[in-house]
Amino acid sequence: MDYRQKRKLSFLTIGLIFLLSGVEYAVILPTIWRYLQLLEAPPYFLGLGLSAFSFSGLVSGPVFGHWSDKTRATKTIILFSNVFEIVGNFMYFMGYSKWLLLSSRLVAGIGAGAGSSIFGFLTRTTLPDERARVFADVMACRQAGLLIGPAFNIFLRLCDFKLGPFVVNKYTSPGLFMCGMWVLMQFAVMVLYWDIPPLDSFPEQQMPLREVRGEEDEPLMSLEDEHMAAAEDSYGSVSPEQTETQLSSELPPSPPDSSGLKKSTAFSLFLSVEFLREEVVVLLTAQFITLFNQTALETMVTPLTQKYFGFGELGNSVMYSLCGVEVIAGFFLVRWLSRVLEDRVVLAVGLLICSGACVWCLIFLANPQGGFAFELTEFIIGVFLQLLGLPFVAVSQVSLFSKVTAEKTQGFSQGVRRSVGGLATILGPLWAGGLIGNLYVMLGMMMLLLTLIMIMMVLSYEKLVEPPRVEHAEDSENGG
C-alpha cells in the first residue's frame with residue numbers, strides 16, 4: 001500500500017472519529033437535562049455535566065499533543081484515548097446517581113484530548129494550501145454526527161428493558177449505544193489508520209506529494225517549494241524551533257546535574273516566543289470567545305425550548321438535526337470560499353455574522369413577546385444566524401493557527417489551542433446555567449466579548465496571514 005492510499009485511509013478514519021464525537025454529543029445533549037432531573041440533581045448540574053467533559057479534555061489535550069510530537073505515534077494515542085470514551089459512556093449508562101453521571105463525562109472527556117494529536121497529524125501531512133479544506137472536511141464530519149445523532153435518539157427513546165442489573169431506558173441508552181460505537185471504532189483504527197510520515201520528511205526526488213496533489217482541483221505548491229517551506233515553521237524570519245535551539249545554545253554551560261533546569265528554562269522561553277505573539281494571541285482569543293458564546297447558547301437552548309415551546313426529547317432531537325444540516329452546509333460553503341478568500345477574511349466574516357446573531361438574540365430572545373408563532377420565528381432566526389457564523393470562525397482560526405505556529409510542535413500547539421477552547425466550553429455552560437432566568441446579563445456579556453475580539457482583529461489584521469515561508473527560504477539561499 002503506497003503513501004497516498006495510507007493517507008486516504010487515515011483521513012477517512014479521522015473523519016469517522018469526528019463523526020462519532022458528533023453523534024455522542026447529539027445523543028447525550030437532548031436527554032442529559034431530563035436525566036439529571038430524574039436523578040434529582042439541582043439545575044446547576046446541567047452546566048457542570050457539560051463542563052466536565054471539556055475540563056478533562058482541557059487537561060489531556062496538551063499531554064496527548066506533546067506525546068505525539070515526541071513519538072509521532074498518533075495511532076497508539078487514539079487507541080488509548082478511546083478507552084476513556086468507552087469507560088466514560090458505560091458509566092453514563094449505569095447512572096446510579098448524579099455524581100456518577102458527572103464523573104462519566106469527566107472520564108469520557110479525557111478521550112477527547114486526542115483531538116490535539118489528530119490536528120497535529122493533519123498539519124504535518126497536508127500542504128498549507130489544502131489545509132483549510134481538509135480541516136473543513138473533518139469538522140463537517142463532526143457536524144454530520146450532530147445531524148445523525150438525533151436520528152438515533154428517535155429510536156433510543158423507545159428503549160425500556162433491563163440488561164442484567166441495569167435499566168435501559170431513553171435516558172441511559174445513549175451511554176450504552178456510544179460505548180458500543182467506540183468499541184467498534186477501536187477496530188476501525190487498528191485496521192484503517194496509519195502513522196504516515198510527515199510530508200517534509202521526504203527528499204525531493206520522492207513522489208508522495210505529487211501523487212496527493214494529482215487529486216486536487218488545482219496545483220498547490222511545487223515539491224521544491226514544499227521542501228523549502230519545511231525549513232521555516234512559524235511567523236516571521238526565524239521559526240520557533242530555531243528560536244528554541246538558539247535560546248538553548250545561548251544558555252551558559254552548566255554541570256550535568258543542572259541539565260533538567262536548562263531544558264526547563266529553554267522550554268519556557270520557547271513557550272513565550274511561540275504563544276505570546278500578537279497573531280497567536282488574537283487567534284486563541286477568537287477560539288475562546290466563539291466557543292464560550294456557542295456553548296452558552298447551547299446550554300440556554302434546551303431550557304428555553306422547554307419553557308416557551310414545550311419541546312421534549314423528540315422536539316429537541318428534530319431541532320438539532322435541522323441545525324446539523326445548516327452547519328454542514330456552512331462547512332461546505334467555507335470549504336469553497338477557502339479557495340478564493342484568505343483565512344483572515346473568512347474569520348472576519350464569521351465574527352461579523354456571530355455579532356449580528358448576538359445582537360438579534362439580545363433584542364428578541366432575552367424577553368420573547370408576541371405569541372407562539374412570533375416567538376418561534378424569532379428563535380429560529382437567532383439560532384440560524386449563530387450557526388451560520390460558526391463554520392466561518394471554526395475553520396479559519398484553526399487553519400490560521402496551524403500556519404503561524406511551528407509544525408515541529410504542532411501537536412502541543414493544537415493541544416494548547418484546544419485547551420483554550422476547553423476552558424471556554426467549561427465557563428460558557430457555567431455562565432449560562434446560572435443566568436437562564438436573566439438573559440440580558442448573559443447575552444450582554446457575550447456581546448461584550450465579541451466586540452473585544454472584533455477590535456483585536458482590526459488592530460492585528462495585517463499579521464493574520466500565513467508566514468512568507470517560501471520567499472524567506474529563497475532569500476536565505478540567495479544571501480548564503
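Cβ atoms here come from the backbone N, Cα and C positions, even for glycine.
Range with TrEMBL annotation transmembrane segment, chosen from 42-65, 258-281, 282-305, is 42-65. In terms of C-beta pairs under 8 Å, the stretch of 42-65, 77-96, 317-338, 416-433 lying closest in packing to the transmembrane segment (372-395) is 317-338. Long-range contacts of the transmembrane segment (416-433) within the same chain, counting only residues at least 6 positions beyond its ends with a Cβ under 8 Å from a Cβ of the stretch, are 43-44, 46-48, 50-51, 53-55, 57-59, 61-62, 65, 113, 115-116, 119, 275, 283-284, 287-300, 398, 401, 442, 445. Counted over residue pairs separated by six or more positions, the transmembrane segment (175-194) shares at least 3 Cβ pairs under 8 angstroms with the transmembrane segment (77-96), which defines the two as touching. With a cut-off of 8 Å between Cβ atoms, the residues of this chain six or more beyond the transmembrane segment (345-366) that come close are 132, 286, 290, 293, 297, 304, 334, 337-338, 378-379, 381-382, 385-386, 388-397, 400, 439-440, 443-444, 446-447, 450-451, 453-454, 457, 461, 464. Same-chain residues lying 6 or more positions outside the transmembrane segment (42-65) and placing a CB less than 8 Å from one of its CB atoms are 29, 32-33, 36, 77, 81, 98, 101-103, 105-117, 120, 295, 298-299, 302-303, 410-416, 418-419, 421-427, 429-430, 432-434, 436.
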